[in-house]
Every structure is written in C-alpha cells, then in structure tokens.
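Single-structure report; data block below.
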Amino acid sequence: MGHMVNAIYQIDEFVNLGANSIETDVSFDDNANPEYTYRGIPCDCGRSCLKWENYNDFLKGLRSATTPGNSKYQSKLILVVFDLKTGSLYDNQASEAGKKLAKNLLKHYWNNGNNGGRAYIVLSIPDLNHYPLIKGFTDTLKQEGHPELLEKVGYDFSGNDAIGDVAKAYKKAGVSGHVWQSDGITNCLLRGLSRVKDAVANRDSGKGYINKVYYWTVDKRATTRDALDAGVDGVMTNYPDVIADVMNEAAYKNKVRLATYEDSPWVTFKK
C-alpha cells in the first residue's frame, strides 16, 4: 500500500514504484462533508504533509486510474484505503459523514453504478466511537439503489485499540466480514509487533472478526521482513520499491506475492 497518496499525480507515481494499493487521507468540513484529500502536519518523516486535492476531484482521478479502457488506467491498482480524518467531527456527526461519503463515492467514483472505478475500497476510521459512520454509509448505498457496491467495500478501525474493543465496535455497527485490521505508527517512531501478532491470531482462529491484517508505516527492509514473518496480509509504505525488493528475496519469493484483482480482499488466505 502506497502511503499518503493525496495528489492525483501521486497515484501513477506510487503504482509505478510497485504499489498495488494506495492510502489516501480524507478531511471533513464542519458539516461532515468530505472536503480534501489532506493530511497536514505532522506526518511521516521524509514526506511532504501538505499535498492535497478537492476530494471529489481526487475521486474522479482515481476513477480514471481504475476504470479499464481509460487512458489513465492502472491495472495493478486494486485497493484504496481511505484514512478518514474524523477527529475534527463530533461523535454525533459520524453517521452523517458516512451518508455523505457514500453519496460522493457513488457519484464521483462509481459513476452512479455505470462503469465506474473497479478498485476495492476500505473505510479506515480512527475512533471506535465513530462506528455509526459505517451504518450511515451502508444504509445510504442501499437507499440509493446500489447495495451491490457494498461488495466492494471493507472496514478498518485504525486507532490501535484492544482487539476485543474493536470487535465490540463492529458488532454495534452490524459488520461481519470485509474487515481489515491495521496496526502501526509513523515511520518516525518504533513500534513492536505484539498487537500485529494478536490480530493475526484472531484472523487465523476461524472465529475472529478479522479477515486481513496490515502494518504501517513500513519503510525499511528489516521491518518489512519482520512484518512478513509475523504473517501480515499487507504493509503500508512510503517506498513500494523497497517492499518489492524484499518480496523478491530468496526467503520470500516463493511464499508471498502481490495480490491481483482476482484475489478477494475479504477472504482470509489459508496457508
């Protein structure tokens, strides 16, 4: 996953470096409308924190990059994580944010269900209290007559909360399946893999809530190896070419590969 891809031109940049997935920040205005693809300060070391687009413009650019037949089409780009910056919202605005997010995606990315972008979407929410965003989103797609698009949507709570607490939030949101569990910290700091291992154990137990586990932000070869050894399904990185190099090492090249569009992002990989 290419990290912090907030300008349209960066889509090609990160995919050309080897990413098959990107992460994009989404900020909201005071009325819970998704407004900009903007992170702001602070962000990862060695990166510009200030690149941005109007959210709807970014969606149109993303649609071009993920629609077969379009001149801008990038066949390798199969999944997009929207890092929803809901910290600016009151808890009681979460549902409204989900409704507006759904309408924006439906119009500007999915083209109202008419040959829109094909990438899978993960809605990544930083606060467990904002679980109503999910129901606002799913209910709106159903009300707009496009429940089939929910097959393209997954969910993530990104606040590094206890695994049991995350499970409770999903239960409240009515979610069972399509769950990616993130764990991580900015590349400026160190973080162990104990919670990643807990998430992997939940995924592999056959009775947990997690379908996939990803770790962020992974920029070094040693950290990449540690994450792969821990059994993650994906890593978020500022340097996709570094990840590609490690995956081609003798220890990994016959064990892991980049996912393609034919691989379901919602089905747990059985070893």
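Positions of Cβ are set from backbone N, Cα and C atoms, glycine also.
What you see is a predicted model, and the numbers here were worked out from it, not measured in a lab.
Quick look at what Swiss-Prot annotates:
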type: ACT_SITE; residues: H3; note: active site
type: BINDING; residues: E23, D25, D83; note: Mg(2+) binding site
type: DISULFID; residues: C43-C49; note: disulfide bond
type: DISULFID; residues: C45-C188; note: disulfide bond
Which of C43, C45 has the fewest nearby Cβ atoms, counting only those within 10 Å, among these disulfide-bonded residues?
C45
Within 10 Å of C188 (disulfide bond), Cα to Cα, which of the recorded positions E23, D25, C43 are there?
C43
Hey, of the disulfide-bonded residues listed (C49, C188), which one tops the CB count within 10 A?
C49
From the centroid of the CB atoms of E23, D25, D83, the recorded Mg(2+) site, which same-chain residues not already listed sit within 8 A by their CB, in sequence order?
H3, M4, V5, N6, T24, V26, R39, V81, F82, L84, S124
Tell me, how many other CB atoms lie within 10 A of the CB of D83 (Mg(2+) binding site), whichever protein chain they belong to?
25
Using Cβ-Cβ distances, find the residues under 8 Å from E23 (Mg(2+) binding site) that belong to the same chain and are at least 6 apart in sequence, listing them in sequence order.
M1, G2, H3, M4, V5, V80, V81, F82, D83, S124, W216, M236
According to DSSP, collapsed to three classes, what secondary structure does D25 (Mg(2+) binding site) have?
strand
For H3 (active site), the number of neighbouring Cβ atoms whose distance to its own Cβ is within 10 Å equals 29
